[in-house]
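Novice: Please find one structure pasted underneath; my questions will follow.
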Amino acid sequence: MASVLGSGRGSGGLSSQLKCKSKRRRRRRSKRKDKVSILSTFLAPFKHLSPGITNTEDDDTLSTSSAEVKENRNVGNLAARPPPSGDRARGGAPGAKRKRPLEEGNGGHLCKLQLVWKKLSWSVAPKNALVQLHELRPGLQYRTVSQTGPVHAPVFAVAVEVNGLTFEGTGPTKKKAKMRAAELALRSFVQFPNACQAHLAMGGGPGPGTDFTSDQADFPDTLFQEFEPPAPRPGLAGGRPGDAALLSAAYGRRRLLCRALDLVGPTPATPAAPGERNPVVLLNRLRAGLRYVCLAEPAERRARSFVMAVSVDGRTFEGSGRSKKLARGQAAQAALQELFDIQMPGHAPGRARRTPMPQEFADSISQLVTQKFREVTTDLTPMHARHKALAGIVMTKGLDARQAQVVALSSGTKCISGEHLSDQGLVVNDCHAEVVARRAFLHFLYTQLELHLSKRREDSERSIFVRLKEGGYRLRENILFHLYVSTSPCGDARLHSPYEITTDLHSSKHLVRKFRGHLRTKIESGEGTVPVRGPSAVQTWDGVLLGEQLITMSCTDKIARWNVLGLQGALLSHFVEPVYLQSIVVGSLHHTGHLARVMSHRMEGVGQLPASYRHNRPLLSGVSDAEARQPGKSPPFSMNWVVGSADLEIINATTGRRSCGGPSRLCKHVLSARWARLYGRLSTRTPSPGDTPSMYCEAKLGAHTYQSVKQQLFKAFQKAGLGTWVRKPPEQQQFLLTL
């Protein structure tokens, strides 16, 4: 019996020892939890500042944490809440991570304030992105940009325009693509998916009547107010002094939170270290407070290409890259190069990507030109109504195709024969469609300048030009010009078209590598182009008359020249700033990569340009329905039409004159006469020597800035090993100006 009692006492002592050890373990565990909970109190609001933190918990955990934020939003609710039981805490879901807001033995007072939330995506917010964006910007129009991929796995692209920027989203369905576009638009000016999360991130619950979806100006004093420590509440009087100090320190970080939101105002410029090579930092020093907006973010990770945009001095610059950081750098570099002529070391100049032209807009430009051609050729014979190459220049206000207007139209594929050269400027040397369209566009520009000669104010207000205070004229805001060509321009752009390599593949690739990017010349009285030969840059008059082949530069090279010098030419440079193309639309034989390389990238070595001149990089696009190839010989004539002119002019491409033998309205002689009538009566950008120049060549050389930029371009071609720009005999420009 004694042994039984002894064993009972021994087992009782062992049991009591185990209980004591268990209590000590629980006590130590409770202390560790207290420390972790206090630390998380201050770190939780700043978790969103770390870009590397991602949330991988399931939907149950997400909903539990969201409910937890709502429960802990009001401090008064925390004080009146009974502490959770230990069994419930142990039996709860492991993903809940619920912290005890009250501590036993402390009079039921608040020990610590725990702010815990998950980084909600737009798709799980109380209001999805479409609803939020509709409330902020009602009446937005979503349009389907494209549909790519196989039939069983399509990829849709939907775009929406918000605040002057176009955001494009992609997805396996139109609904998801539309949702993605709305998310990108919201992220450009909203940081948090809902009001609750925004308030909690800034240290307080939402005030009464605050609507996060209303205009920003409606709640500057509630949502974005300065966060001061609140007055002590009765329920917090018994809190520990250390907790109050920690809470005060957390509130002291309010400015960091405001900067993270980036909604209160522009961020201060970050000082760059000497020799800073980061274009984003340098641009921020020059223009503080810039915001970068993500315009496109593909859904497929293996083909990521982000597009970021930044607005500087009222102009929008865009860049693309495999990450948002690289895209921001490209956009910043584009702004630095365009506005400040700054080229950062280690950054390829001019490769910042612009937003692709909407396919619907490109198709509308093509349809406008082809429809206008059918309209103006209805009274012509079938022989004159056909064309092998068609070109036109369309004027728009912004990228609104509804207000588009065709201002110049032409056709043709031939050049003048050398025996028909004129030393009085009475012939048109190059009758290719693109070149004739540009000369018809000069006719249109002269008409617009002549409106400023009228004494009636309404006439000058109808002009596309406005007068500058410092002298001269410039285009009105949002006036854009677009070139449409039915086939890829002759020269290097057409040579490397993927549809034209039909011979042996190995020899074709070798030819491509050898002559890639070279300047090319047209064949006299024929079609096609050949690379420039020899270092000679000037042809001789007597040599051409004796049978030497007349050399004319290709259309590809001429368009590349327009992208630096402008469409207006030397004479009009006396009056107007350079006029550049906004876009080029090609109907067939089109390859965007090759076209971009020969149109823009060959000019990267030109260097810094004078004010108002730039390296223009027009938007490039094909059309949805490419024009069919037209076999047979090209017509031996060229047609041109200009808005405001009732008659349609037909030029014999071999002689460079009208069919009746008279000079064309687009020849040097006629256009220079219009210039002479304007000179001295209109304000000029160049210093006037007094008297009107007597000769055509003197008038052209008088545009000193234009001539210096032209020489700069020609030297860049030579330095890059692309060949020498061949000029016509100088005798062609040595004729007297007539009024």
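In case you wondered, yes, glycine gets a Cβ from its N, Cα and C as well.
Pasting the relevant annotations from Swiss-Prot:
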type	residues	note
ACT_SITE	E434	active site, proton donor
BINDING	H432, C490, C555	Zn(2+) binding site
COMPBIAS	20-34	compositional bias 'Basic residues'
DOMAIN	125-191	domain 'DRBM 1'
DOMAIN	274-341	domain 'DRBM 2'
DOMAIN	408-735	domain 'A to I editase'
REGION	1-36	region 'Disordered'
REGION	23-35	region 'R-domain (ssRNA-binding)'
REGION	53-105	region 'Disordered'
Novice: Give the three-state DSSP assignment (helix, strand or coil) for C490 (Zn(2+) binding site).
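Specialist: The three-state answer is coil.
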Novice: Show, in sequence order, which residues other than H432, C490, C555 on the same chain lie with their Cβ within 8 Å of the centre of the Cβ atoms of the Zn(2+) site.
Specialist: A389, T413, D430, A433, E434, V435, P489, G491, K522, T529, S554, T556, K558
Novice: May I ask which residues of the same chain, at least 6 positions away in sequence, place their Cβ under 8 angstroms from the Cβ of H432 (Zn(2+) binding site)?
Specialist: A389, G412, T413, K414, C415, C490, K522, C555, S638
Novice: DSSP three-state call for C555 (Zn(2+) binding site): helix, strand or coil?
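Specialist: Note: C555 (Zn(2+) binding site) is helical by DSSP.
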Novice: What same-chain residues, at least 6 away in sequence, bring their CB to under 8 Å of the CB of the residue listed as 'active site, proton donor'?
Specialist: A389, A391, S410, L483, V485, P489, C555, K558, I559
Novice: Taking 10 A as the limit, how many CB atoms besides its own sit near the CB of C555 (Zn(2+) binding site)?
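Specialist: For C555 (Zn(2+) binding site), the count of other Cβ atoms within 10 Å is 27.
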Novice: For the domain 'DRBM 1' (125-191), give the DSSP counts of helix residues, strand residues and coil residues.
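Specialist: Each residue of the domain 'DRBM 1' (125-191) counted once, the result is 22 helix, 22 strand, 23 coil.
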Novice: Across all chains shown, how many C-beta atoms besides its own are within 10 angstroms of the C-beta of C490 (Zn(2+) binding site)?
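Specialist: Looking across every protein chain shown, the total is 26.
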Novice: What does DSSP assign the residue listed as 'active site, proton donor', in three states?
Specialist: helix
